[in-house]
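**Q** My structure is below; once you've seen it, I'll send some questions.
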């Protein structure tokens, strides 16, 4: 390959008029008019029109749409409505031919269902709507990490292969690890707590695993989680951090990703802040008022959350859950030990994040493990760290995929994950 | 917990003198002199001296080092040599007591071997040498992602649970996936190649898995890999990107992470650039000259790389390997089809990265699979994408953990991984 791309299409401007450029991209459209061919060329950055005259057309015989070409030519002004500039071709190389017909229409004129698109995910990425989702995701990750670093969080990488079934052990994938049984981590919970002992504030953005036989638009077997844990913070502090991160994401992409919003056909509205903070007890009262049979201590069912979600559209925190509904590591409230220092971040009925203040006293932690029917001996590696000067700490985990669905205004996480994994889908 | 930390210790400055602050941290040292106690308090940002007088001392009876305290007090100038300021305590809360003796010395005066430290990793993080390694790692990730984004790479997340044994299938961990056999991905190779069809330039930094029964300082079962793939680029282009990333990492941390270098006791020297580029054929000649029995087509043994590494200390590229030594997806050279458009980035004898130009013609790719004894049917999901307009593309993968060892000047990757996994180590 001698060809070297000199410009992305979006880099063409009035300064490049009259200059020779080399572009590379995909033939999105191709129309012959007499001895001329008009090609719409797309690369990752945009589209341009290529004018092909004379012998160069020989190259284009039987060239299917979506084939890959490189074009050397001169930039000129255009009268065509859809383009800012056009290229008068001087040389065209066909780098890869596409078959015809393609299994899904990458222009998106013919809609394919999600399963067909996922089976042909690479081609689906030529659809500008899909590509824009993943460009947005890139920017969301960028702004999340930038903000966390500014707030003095240190990025860590915890192991995904773990030796014991932490956090209760339900729904874990297991594997053979050199003759031992190992598991895929569901979350970095115990490790991130341990790290506050030295690094104070840590975060991780990584994939985790849940062997749950769910068939919904919001559960996957492999999902991306954003996790933070912070020493010397209470659950209100980490709720504030979570709210400012979510607001930061919305503000950034709303302002900086106009083209992606256009392609997706969805305008990202900046949510109202501060987010409402409703206690679990208030929610129970709300549900009783509309005739739901629910008592303090009951977990909230999907049907309950749909009612609450209608009353409180958009983002809100659901706080102060009963201790008995929370994992062993969550700390009780001083004023009422039946209540916990915990919260979920909700978007309507959808749970985005769960967090709280953690227990940091090893004796209380052991009691709570036993209360929940867990064996402290199974947690020996974790518990020992609480004897080494474990600071008070709080944190949360948030599903990145779910956050992305709120941003994009769709309700299937499969749309925002490149190659989703669920009980029925293990390929491509 | 009512206590709210108002300052990190590093935020104390002449402007805070005379002001009340609330600090939180660990008791690194504690000396009683008559009715006064001098505490050295450490938090993630630094150390300060706390002066405790009168009744407040009652709180400190039997307080072990490394216990967690919060201190409210007034900042004042100090005559103590090791501190910039000191705090006259007005209130002290003991937040968590540490046991005595601790299983490893977090001050690092008593050295523990790596296994003991890994068994007590959270406590090891109180050692400033260890903490500094992970602070450096945080900055390395930061600068890598920033540079890649500037070069228009889009961050992607590929699946780690895969349905077929790609890339040959040796050394894969397998797991039961809802009744089917699945594997843990060794690399994002096939997925990142597929993504160039729509996103052109992609990168991923994530953990991958290798079930190799290796017991060396440079192999782990779970490792962090940096991977890029770029459409319309040749292997020389992606070598240039790799070199500029490595140079960028060294330059950034060398200048911006002085304190971490001090703690580690290692000065990061910026490597000479451009890196030497030596062909495989030249290396074979070099080895023959010193009496090694090696012929064109032989793989380079560890012993060979140690000789080459001595001749070429520091970073260098080893290019143009024989096709038969390279994976099926690597493209041949036009001028000699026995040679490949491929490279390794070496640091002395240590392989840091491997990459090259990929085949993008589906027919050639199928032939190569068969040549290597692989069944194209096993790769159907991957091969179909090459019919949809697959651009010429190149890329590489680099071991982040190995890069970190070069930076820090140590030769065991376990030092730079929080909770390493190897055939003998599955916990904590």
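Even glycines carry a Cβ here, placed using N, Cα and C.
In case it helps, TrEMBL gives these features for our protein:
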DOMAIN    B:134-428  domain 'Aminoacyl-transfer RNA synthetases class-II family profile'
BINDING   B:167, B:210, B:354, B:358  L-aspartate binding site
REGION    B:189-192  region 'Aspartate'
BINDING   B:210, B:211, B:212, B:218, B:219, B:220, B:351, B:399, B:400, B:401, B:402  ATP binding site
BINDING   B:351  Mg(2+) 3 binding site
BINDING   B:351, B:354  Mg(2+) 2 binding site
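For each feature listed, report its degree of burial, its nearest neighbours and the pertinent distances within the displayed model.
**A** Long-range C-beta contacts of residue B:354 (L-aspartate binding site), restricted to its own chain and to partners at least six residues apart, with a cutoff below 8 Å, comprise B:342, B:343, B:344, B:345, B:396, B:397.
On the 0 to 100 pLDDT scale, the region 'Aspartate' (B:189-192) averages 97 in the predicted structure.
Within 10 Å of the C-beta of residue B:219 (ATP binding site) there are 17 other C-beta atoms, taking all protein chains into account.
Within the same chain, residues at least 6 positions away in sequence whose Cβ sits under 8 Å from that of residue B:351 (ATP binding site) are B:305, B:344, B:345, B:402. Annotation note: residue B:351 (ATP binding site) sits in a strand segment as assigned by DSSP.
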**Q** Where among the binding-site residues B:210, B:358 do you find the Cβ with the fewest other Cβ atoms within 10 Å?
**A** B:210
**Q** Write out the long-range same-chain contacts of residue B:212 (ATP binding site), meaning residues 6 or more apart in sequence whose Cβ is under 8 Å from its Cβ.
**A** B:171, B:219, B:221
**Q** By a Cβ-Cβ criterion of under 8 Å, what residues six or more beyond either terminus of the region 'Aspartate' (B:189-192) are in contact with it?
**A** 156, 158-159, 166-167, 202-204, 227-229, 327, 329, 379, 382, 395, 397
**Q** Does residue B:400 (ATP binding site) have same-chain partners at least 6 apart in sequence with Cβ under 8 Å from its own Cβ, and which are they?
**A** B:137, B:140, B:141, B:205, B:223, B:224, B:225, B:226
**Q** Taking the Cβ of residue B:402 (ATP binding site) as centre, how many other Cβ atoms lie within 10 Å?
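**A** Within a 10 Å radius of the Cβ of residue B:402 (ATP binding site) lie 25 other Cβ atoms.
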**Q** Can you see whether DSSP assigns residue B:402 (ATP binding site) to helix, strand or coil?
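**A** Reduced to three states, the DSSP call for residue B:402 (ATP binding site) is helix.
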**Q** What does DSSP give as the helix, strand and coil breakdown of the region 'Aspartate' (B:189-192)?
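**A** For the region 'Aspartate' (B:189-192), the helix, strand and coil counts are 4 helix, 0 strand, 0 coil.
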